[in-house]
Structures are given as C-alpha cells and as structure tokens.
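K.L.:
Structure in structure tokens, see below.
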Amino acid sequence: MLKHLLSGADLDAATATLILDTAAEMATVAGREVKKLPALRGRTVVNLFYEDSTRTRISFEAAAKRLSADVINFSAKGSSVSKGESLKDTALTLQAMGADAVVIRHPASGAPHRLANWVEGSVLNAGDGTHEHPTQALLDAYTMRARLGRIAGLSVAVVGDVLHSRVARSNVLLLATLGAKVTLVGPPTLIPVDIGAALAPGTEVSYDLDAVLPTSDVVMMLRVQRERMADSYFPSAREYARRYGLDGPRMARLPDHAIVMHPGPMNRGMEIAPEVADSPRSTIVEQVANGVSVRMAVLYLLLGGMH
Amino acid sequence: MTEYTAGGDPGAAKPAYLIRGVRVVGAAPTDLLLAGGVVAEVGRDLAARGARVVDGDGLVALPGLVDLHTHLREPGREDAETVESGSRAAALGGYTAVCAMANTSPVADTAGVVEQVWRLGREAGLVDVQPIGAVTVGLAGERLAELGAMADSAARVRIFSDDGHCVADPKLMRRALEYVKAFDGVIAQHAEEPRLTEGAQMHEGEVSTRLGLTGWPAVAEEAIIARDVLLAEHVGSRLHVCHLSTAGSVEVLRHAKKRGVRVTAEVTPHHLLLTDERAASYDPVFKVNPPLRTSADVSALREALVEGIIDIVATDHAPHALEDKECEWAYARPGMLGLETALSVLLDVLGERWDLIAERMSRTPARIAGLVEHGRNPAPGVPANLTLVDPAARRTVDPSEQASRSRNTPYAGLTLPGRIVATFLRGEPTVLDGKAVK
C-alpha cells in the first residue's frame, strides 16, 4: 500500500479498486447501531487545515473517529500558523506529537508534497490550491460505480472552472486510470493549456455543453466562483449560466440513466439549477455520505499498511 | 606551488606571478608573467625572476569572467548575501567583475546607494563590483530615478535596471531609453508583462497544468521584448534584455538584430540546463523568474547563444535565506545561486569551446558594461584579470560548500565539469588552489 496519498496519479487501477472495495465494506459500518471499528485505535490522525473547509474536515474527522483513531484538529486560524509559523515548523511539531497521519488542506499547490518531506507519518492531500483533491476523486468514482455499476467505459463530462479546480485534476487522473473517458467542458478561458498531455492522453475538451450531454453517462458540475468574472474569465454570471450551467431543459438532453454530480458547495442558479440539484439524477447527497466511507478506506489502508 | 625568494627589484610594490604552461583561451601552452597589475610577458620558458610560480599544466586561462547580472543583497538582506560574500563566490566562480543589481533595500536608485555598494566592493577587493542603478524610483515603475546623478557618481553607473520588475509603462521605458543616451547608458529590461503574469508561479504549459501552479506564459516576455526593441529602434538607444528564456524571444531578437536595432541579450546558466519539469518536486529551489521553460526553449537558447543572437551569459545569481525557500512553492521567493557554478554549466552545455566561452562570459559582457579593464584575453600590457580553469576536473555540487551565504543552488548533487583553480584581479590572486585567498 501507499505511504502517502498526494495525487490521483499515485493510484494504479488495482490500488484504486482496492480502496473502492474497502470503502464499500466501510459503508456497512454506517448502517450499524454502533458506527465504529477498532481498526485505528491508538493511532493519531491530525487534520491540518489551512483553509476553511468544514465539509471536508468533518468528513475526514468522522472517518478517523469511526476507525477509533485519536483525532486532532489543527486549524490555521488562531494557531501558531497565524503567528507566522512555517509549514516546516508546524510539521516538526506534529511529528514530535506522534502524528501517524496528517490530513492537510492548503491553499498552496504542492504543500502536501512539501509536508511529506518533513513528517514520518502518512500525508493525505485533502485539497491543495488549484492542484488536486484525490479523496474527492475516489468518492466520485465510488459514487459512479454505486449508481452505474462500473467505471470502465463510462463517458464523464467535467464541466466548469477546470483551470482552478483540484477536483477536476484528480478526477481526470483517476478516471483515466479506471478506464473512463473524460471530456472537459467549459469556456476556453477556464480550460488549462495542454490538459490532455499534462494529465491523461485521451482526455477530450469541448466548449459546447449541449453537444456533449447526449453521450454522457456522468455530468460532473464544478463550482464556479462568481469573482472569476472580475478577472475576465467570463463576462457575467448570467452568461456563464446560459452557456455552461446545467438547467432542466439541458438535463433533458442526457440519456435516461445519466447521473449529475457536484463536489459542493453549489452555486445554485450559477453552474447548476435547483431543479437539477434536487432531481433524482443528482448524487450530491450520496457523494457526501460516500466521502466518509472512502476516507475511512484510505486511512485504514494507509495506516494499516504500516504494520 | 613553488615559493621563490624575492630576487632583485626590492622596490616592486606587488609580488609578481608566473603561470607556467597554461593554455590561453585553449591555445598551445605558454607562460604568463604577471607584474604591476598587468600581464607583463607571454611566451615559453619565461624566467621566474623572483615571481611566485603557479603550475598551469593542464589548465586553461580565460579572461576573468564578467557577470552582468548579480544580486548581492547588500544593503538590506545581509542574511542572504553581502557584497563581500557574493564577491568571494564570484571569484571562486572565475569572475573578476560583477554588476550588482539595484533591487536592494534601500533600492539603488540614488547616487548614495550606488556609491555605498561600489565602496563595499572596493573594500572586499575580490572582484570589481559595478553597481547597476534603478530605472525608476523605488523600482515602482512610476517616475525616473536620478539616472544622471548615478552616472556621475563615483560608481560611474552605466547600466540601469528595475530587475525583478519590468519597466512596463511604455512611455516611461521610452523616456529611460532616450535619457541615458546622454552618458552612453543602457537600460537592462526585465521583460515581463505584469498583467499577464499576475500570481504566476512557473512556466505556463503542460507541467503547470499538471501541478496546478499558475502559469507564466512565454508571451509575457516576448511581448515586452518586441515592444522594447521597437522603442529602442525608434529612439536610437541601447537596450539590453535580461535573462531571455523562451524560443519566441530568440526569434524576436533575431528579427531586431537583422534590422540593426542596438540590442543585446543575456541568458542564464539555469535556463540553458534546467527545464520546468524540475517544478514537479514542488521544491522552490527551482522557482525562478523568469521560470524554467521547456526543453524546446532550452535547445533554442543554446543555439542562439552559439549563433550570437544571445550575446552573453549572465548568472542572475539570486541568494535567498533558507526560510524564503524552505516553504510552500507559492510563498517562496524566486531566484537561484549561479556565480560558483556558471562556468561548469557552460562547459557542460557548450563543451570546451574556449573562445566562445570567453566571448560570451567575459569579453562581450565587459563591453556591454563598459568595463574596459575586463574582458581582454591575456596579452602583454593587458590588465591581469584572468582565471585558470581545470577542464578535466569534475565536481559534485554541494550546497553546503558554496561560498555564498545562501544555499539555494539548483544543481545540488549534479556532477559538472570544470573547476576554477585560480583567479587574478589586477595581477593579485583572489583564488589560489581552488580556495579564496581572503
């Protein structure tokens, strides 16, 4: 098993499948009266969050606690970090406290890679800048497999601000590894250069959402920050929604079995219309539930592998 | 080395040196006698006449290297480098003159600051430190600094640069180019369109996409160079382009030179050797501005350097304190050490093309900077500014062995050819047996 999980590229198909299979077993715990396994008793998991991300932090916290790990939440605000402590010094502090795993969310791309040089325990990337968010990709893959029965051969459209999206990068990498065909859709200003060559050959790019929808098994809508229009990525929220937002009429272009995903938090009315978010095709709430199972699986396999 | 007791001429103020059997710029072995600060004699089997003898067997003598682009950090960041420590690093790298960039704290935008740097260089006495003056007050890009006062100062500034920042305002750039004609100055431009590089962290391309780091597009450099060569042509001024880094910039420059524009350009050793793939480690020792580019750019830069489209090699030696590099990529300061490894990198890139190396690393940079005592092949009567290289030696770069106060060399662990055995400044050794003499 891996030591760290920093990137979707760290996972080969066998490892990714093992994580998804393990997550399925973990999911049964959630249905029990006592939602707890003793697997990580006595192990310490630190949630090191340099960005506010309540949903991801809570998901990791729930995952670690259901495995009986001791959880320390270290948030950058009101801590030594806000007093100017460097990431390296924080890492050495966590090391001295005996952290077996550090879950890190950080606004700077690559911060988890730096951290992995400075701590002996496992490092889990819980989102770094505009780079990656591998457990999100795993929970998305888990959700696709649960809904559609497979991942290989699926056509997945990832729609929106790919340029700034760590969710998109991890999904492109993992889905390619698992045999899905990914089409990135958005305005050209929000599609990074050479994305196929950079991440996975065979990744397609389209600027026309309507053309992509009829052949998509999965549509993954990315969060688009309204402030991007101040930087001229698109002229207005309304124009963005008109061209790339998923509304009811557009959803009707999808095949009957297709699902709609969103990593949250959503901008209702911007990239996704309320009637789509709340429709039976939407997997948004399942994604949250699956996130805990997948993170349990990752923690279990990373830390269990140390024995 | 053999020590001879002084012969006659007890009135000689300085000890003289006899370098035996050295290949001057790669030619057949000869002896060089240094006396009175100049090369006194050149020929086979010269008499020592009391001079200290340096065994030059197997060594190549080059005119002392001249760096047009050095950050010495003093005043302001003496924890990263001082004029003295940077001078020592330069001497160990085979340099006899360096041009100190203006982005100190306070900025070298007045006669007072450039004279301070110039004086510190004289006191260190390891290389000639020629200060570069800022183009604009505080490097802010808003109004011209007192360029004439710096030119008239004891530091006799001739190169002006806002390096680290681009003189982005086209009107201000035009005025600066025009104004320095009065004292045969040159504007050294850091070509970076600021709006196109907001938040930029590395070269924009496949690797930046993969790493999720904001891209620094090649066009941001090329667009400014294109504008500036047209401005220089329009006003008939000299332009120097700092650290050219892209294949497209080479084409812009080629076009301008064909038209007769008075433009020169430099390339750094790191842009000749390293590519943007290095960023994949997220180790900010590879973060530099302009960023490391692609292998296609590296190839184009190498060809342009050989061809002469790029005139010189300049180090952009940029020392940074450990805490400014041992951090997240986005928070790290850009820049890397260069003085102590430049010649080795060039030997690695070009091979033993000694005349080309002397041209690109000494003679042409001295001419651009107006340093008449430097950049001259060792010959009778020429100031004895020279360096001796052992081309057969190979060394593995160890950051802890750098004479610089900082450790941010991007070549750690790389084995590179060539070693500087000795450097002479006006006939006095600054480096002997590969060690700084002071």
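Any Cβ shown, glycine's included, is placed from N, Cα and C.
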K.L.:
With B:Asp163, B:His243 listed by TrEMBL as binding Zn(2+) 2, identify the candidate in B:His190, B:His255, B:His270 belonging to that site.
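P.N.:
Of the residues offered, the record points to B:His190.
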K.L.:
Name the residue, out of B:Asp316, B:Asp324, B:Asp348, that TrEMBL lists for the same Zn(2+) 1 site as B:His69, B:His71, B:Asp163, please.
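P.N.:
The candidate from B:Asp316, B:Asp324, B:Asp348 that TrEMBL ties to Zn(2+) 1 along with B:His69, B:His71, B:Asp163 is B:Asp316.
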K.L.:
For the domain 'Dihydroorotase catalytic' (B:60-246), what is the mean per-residue pLDDT, to the nearest integer?
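P.N.:
Summarising the domain 'Dihydroorotase catalytic' (B:60-246) by its mean pLDDT gives 98.
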K.L.:
Counting Cβ atoms within 10 Å of each candidate's own Cβ, which of the binding-site residues B:Arg73, B:His190 comes out highest?
P.N.:
B:Arg73
K.L.:
Hey, how far is B:His243 (Zn(2+) 2 binding site) from B:His69 (Zn(2+) 1 binding site), Cα to Cα, in Å?
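P.N.:
One finds 9 Å between the Cα atoms of these residues.
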K.L.:
Near the Zn(2+) 2 site, what residues other than B:Asp163, B:His190, B:His243 in the same chain have a C-beta no further than 8 Å from the centroid of the listed C-beta atoms?
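P.N.:
Going along the sequence, the neighbours come out as B:His69, B:Met101, B:Ser161, B:Gly164, B:Ala188, B:Gln189, B:Ala191, B:Glu192, B:Cys242, B:Asn289, B:Pro290, B:Asp316.
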K.L.:
Determine, to the nearest whole angstrom, how far the Cα atom of B:Asn289 (substrate binding site) is from the Cα atom of B:His190 (Zn(2+) 2 binding site).
P.N.:
9
K.L.:
Just to be sure I understand: of B:His69, B:His71, B:Arg73, B:Pro334, B:Gly335, which binding-site residues have a C-alpha no more than 10 angstroms from the C-alpha of B:Asp316 (active site)?
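P.N.:
Final answer, ordered: B:His69, B:His71, B:Gly335.
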K.L.:
Most Cβ neighbours within 10 Å: which of the binding-site residues B:Asn103, B:Asn289 is it?
P.N.:
B:Asn103
